[in-house]
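**Q** Sharing the record's features from Swiss-Prot:
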| type | residues | note |
| --- | --- | --- |
| TOPO_DOM | 1-8 | topological domain 'Cytoplasmic' |
| TRANSMEM | 9-25 | transmembrane segment |
| DISULFID | Cys97-Cys178 | disulfide bond |
| CARBOHYD | Asn161 | N-linked glycosylation site |
| DISULFID | Cys181-Cys347 | disulfide bond |
| CARBOHYD | Asn191 | N-linked glycosylation site |
Amino acid sequence: MGSPRWKRFCFLLLAAFTSSLLLYGHYYATVDVRSGPRVVTSLLQPELLFLVRPDTPHPDNSHHKELRGTVKSREFFSQPSSELEKPKPSGKQPTPCPRSVAATAKADPTFGELFQFDIPVLMWDQHFNPETWDRLKARRVPYGWQGLSQAAVGSTLRLLNTSSNTRLFDRHLFPGGCIRCAVVGNGGILNGSRQGRAIDAHDLVFRLNGAITKGFEEDVGSKVSFYGFTVNTMKNSLIAYEAYGFTRTPQGKDLKYIFIPSDARDYIMLRSAIQGSPVPEGLDKGDEPQKYFGLEASAEKFKLLHPDFLHYLTTRFLRSELLDMQYGHLYMPSTGALMLLTALHTCDQVSAYGFITANYEQFSDHYYEPEKKPLVFYANHDMLLEAELWRSLHRAGIMELYQR
């Protein structure tokens, strides 16, 4: 008779403990151990990604109220955002577009104070000097060069020495009007959307990570002007989404690659890609960059986001409460967020497709999944904060967010 009573006591104790854990935290972290191609385990980098449950949604207020919460979070970098690279000739050309992102943002009482359009978006050889090294070596990647080899960084930046490396695109190639850009995320909202023709009608199209277009042209189009990534997200995407058709990164004569410098391996891979040689060291040692970027890759095909630009975007637009959590050191804006904000600082007019919206639970995680998969939240990104920002920018008329 004692045995069932003991088992019942253990069961009740376990239930009480589990309930207390669920009530205790606003977020929780654990490792996703489910099998299948949709789980992106960091096989290529010794850094685990942790799940985050959005127990409490962010308030759905006006964009003025939403952004106040974003910009008042605690300072988490070793240097304030005012200590950025003093703007050098950035390669940016004046726009004749009367209703540009810059004009609309500057006229907005909230975003007019947040946007800083003269900050360099890209980094190239002229930025590498003793002053910049001393300043950025105090900040961790991707916001600086802390822990990186000066020789590795310098040898990469010295190869970014063409005019193409100083700007995303040449404005003279789009005479007499507004340069319209589409940034295409991989969200399930695009499945069945029939937005492919509208996306391809833009002058420039940004894609990222597992950017599958074959078989989904009606919904997502096929045009690719820029492919944005970190080496880690690119290689993880090739593993995780191979079963869905992502068997190689986008390649093409006119396609440009945007490197997000999240780790030493991004600088090393970029250098090897420009030189056309195998990766000489690190986690990607022996890799042939040609298989990712094509046989005719040269310096002109590559863009490198400036660490100061990433620092500015995070402190002003996407400073998350996740930074106060146990794994706050892993936090950075998502690849999609960085591509969209890059477009907003360079293009005249921007449309966002496949990004998280308020009704994200109605859609699968990705548009190419044949069966609905729930969106998974990881502790290195704050997708709900990003969703707030996209809604706010849409309401302010600064960009167009595809919703349905």
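Glycine too: its Cβ is placed from the backbone N, Cα and C atoms.
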**Q** Taking only the residues in the topological domain 'Cytoplasmic' (1-8), give me the average pLDDT of this model.
**A** 49
**Q** What recorded positions in the list Asn161, Asn191, Cys347 lie within 10 angstroms of Cys178 (disulfide bond), counting C-alpha atoms?
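**A** So far as Cα distances go, the recorded positions lying within 10 Å of Cys178 (disulfide bond) are Cys347.
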**Q** Which ones in the same chain are close to Asn191 (N-linked glycosylation site), with CB under 8 Å and 6+ residues apart in sequence?
**A** Asp219, Phe363, Ser364, Tyr367, Tyr368, Glu369
**Q** Closest of the disulfide-bonded residues to Asn161 (N-linked glycosylation site), Cα to Cα, picking from Cys97, Cys181, Cys347?
**A** Cys347
**Q** Cα of Cys97 (disulfide bond) to Cα of Cys181 (disulfide bond): how many Å, rounded?
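**A** Distance between the two Cα atoms comes out at 13 Å.
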**Q** 10 Å Cβ neighbour count around Cys181 (disulfide bond)?
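**A** Its Cβ has 28 other Cβ atoms within 10 Å.
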**Q** Can you check which residue among the disulfide-bonded residues Cys97, Cys178, Cys347 has the largest number of Cβ atoms within 10 Å of its own?
**A** Cys347
**Q** Tell me whether Asn161 (N-linked glycosylation site) sits in a helix, a strand or coil according to DSSP.
**A** coil
**Q** Would you mind checking how many other C-beta atoms are within 10 angstroms of the C-beta on Asn161 (N-linked glycosylation site)?
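**A** There are 14 such Cβ atoms around Asn161 (N-linked glycosylation site).
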**Q** Reduced to three states, what secondary structure does DSSP give Asn191 (N-linked glycosylation site)?
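**A** Looking at the DSSP assignment, Asn191 (N-linked glycosylation site) belongs to neither helix nor strand, so coil.
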